[in-house]
Structure formats: structure tokens, C-alpha cells
Amino acid sequence: MSSTFSGDETAPFFGFLGAAAALVFSCMGAAYGTAKSGVGVASMGVMRPELVMKSIVPVVMAGVLGIYGLIIAVIISTGINPKAKSYYLFDGYAHLSSGLACGLAGLSAGMAIGIVGDAGVRANAQQPKLFVGMILILIFAEALALYGLIVGIILSSRAGQSRAE
């Protein structure tokens, strides 16, 4: 029986696993960060409702993490087309490592943003001078996810380089 598939038949599994890992882990980080910092905003809003809109920054920053995972998942999934060109294990592993790099970086950044955001908005309600410090810490936590996104893009661009075509 003839097949139009070219390459290693198990390789797309690893590629799609990388796309799923990028999205799932990044969204887990985004969900945790949103929930944890959202609880802080809600509890702070009871005493100081005028600060709610100012304190929504950690929630927004946590939500962006899911977008990073979506970007990598789309890049990976568009690179998996075994019928158009050969797709080997090297390509699958490159896409898997790309998804894991972005996803796990997003998960860790989401945990950091959630914890810092929760404590930061509560502290900001008591001492408004802490707002700038909280934002700086949140930016450094968000940078962790950006590192994962950059490494994920670099790793996914390596797919297809194992052969001379």
C-alpha cells in the first residue's frame, strides 16, 4: 500500500505535543496568575474601590501569557505538514522543545505574577508608594515568559534544518 507520507511517522506526534504543551502550560500560568491576583484585587476593592482599575495591571499581565503560548502553538502547527514536505524526528523534537520552553516559562511567569500581584495590590491599598515597585517586579516576572517565547521561536525555526533540500 502506497502512502504519500514522507518522513518519520511518529514525528508529527511530538510536534503536535509541543503545540499543545505551549498552549496548555501558558494558559495554566495565565489562569493561575489571573485568579491569584484577581482575588487580591477583589479583596482590596472592598476597602478601597477607587484603586480597582489601577490594580488591574497584574490581571492583564497574567492574561498576556496565554497569548505567548498561542503564538508558539500556531507557529508549530503551521510547520507540521508532512504531506507537503518531509517531517522527521528532529523536526518533531524541535517543535516539542519549542512548546515546552514557551509553555513552562509561561507557567512559571504566571505563578510569579499571581503571587506578586496578589501581595502587591493589597500592599498598594495600604501604601500607594509601593505601586511602582510592584510594577517593576511584575515586569521582571513577565520577562520570564518573554524569554520562553523567544527561545521557542528560535527552536521552532530549527525544524527542517536536519536535512539538505
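Including glycine, each Cβ sits where the backbone N, Cα and C put it.
Database features, via Swiss-Prot:
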- E142: site 'Essential for proton translocation' (SITE)
- 1-10: topological domain 'Lumenal' (TOPO_DOM)
- 34-55: topological domain 'Cytoplasmic' (TOPO_DOM)
- 77-95: topological domain 'Lumenal' (TOPO_DOM)
- 118-129: topological domain 'Cytoplasmic' (TOPO_DOM)
- 156-165: topological domain 'Lumenal' (TOPO_DOM)
- 11-33: transmembrane segment (TRANSMEM)
- 56-76: transmembrane segment (TRANSMEM)
- 96-117: transmembrane segment (TRANSMEM)
- 130-155: transmembrane segment (TRANSMEM)
Discussion item. As a test: from 11-33, 96-117, 130-155, pick the stretch that has the greatest number of Cβ pairs under 8 Å with the transmembrane segment (56-76).
Written reply: 11-33
Fill in: Cβ contacts under 8 Å made by the topological domain 'Cytoplasmic' (34-55) with residues that lie 6+ beyond its boundaries
62-63, 113-122, 124-125, 131
Item to complete: Look up E142 (site 'Essential for proton translocation') in the DSSP assignment and report helix, strand or coil.
Response: helix
Worksheet item: Counting only residues 6+ away from its ends, which parts of the chain sit with a Cβ under 8 Å from the transmembrane segment (11-33)?
Response: 58-59, 61-66, 68-70, 72-73, 76-77, 79-80, 82, 87-89, 91-93, 95-100, 102-104, 106-114, 117, 145, 152, 156, 159
Discussion item. Return the count of C-beta atoms lying within 10 angstroms of the C-beta of E142 (site 'Essential for proton translocation'), excluding that atom itself.
Written reply: 20
Worksheet item: What average pLDDT does the predicted model assign to the topological domain 'Cytoplasmic' (34-55)?
Response: 91
Discussion item. I need to check the long-range neighbours of the topological domain 'Cytoplasmic' (118-129): which residues 6 or more away from its ends have a CB within less than 8 Å of a CB in the stretch?
Written reply: 36-37, 39-41, 43-44, 47-48, 51, 54-55, 58, 137-138
Response to the item:
Helix, strand and coil residue totals from DSSP for the topological domain 'Cytoplasmic' (34-55) stand at 19 helix, 0 strand, 3 coil
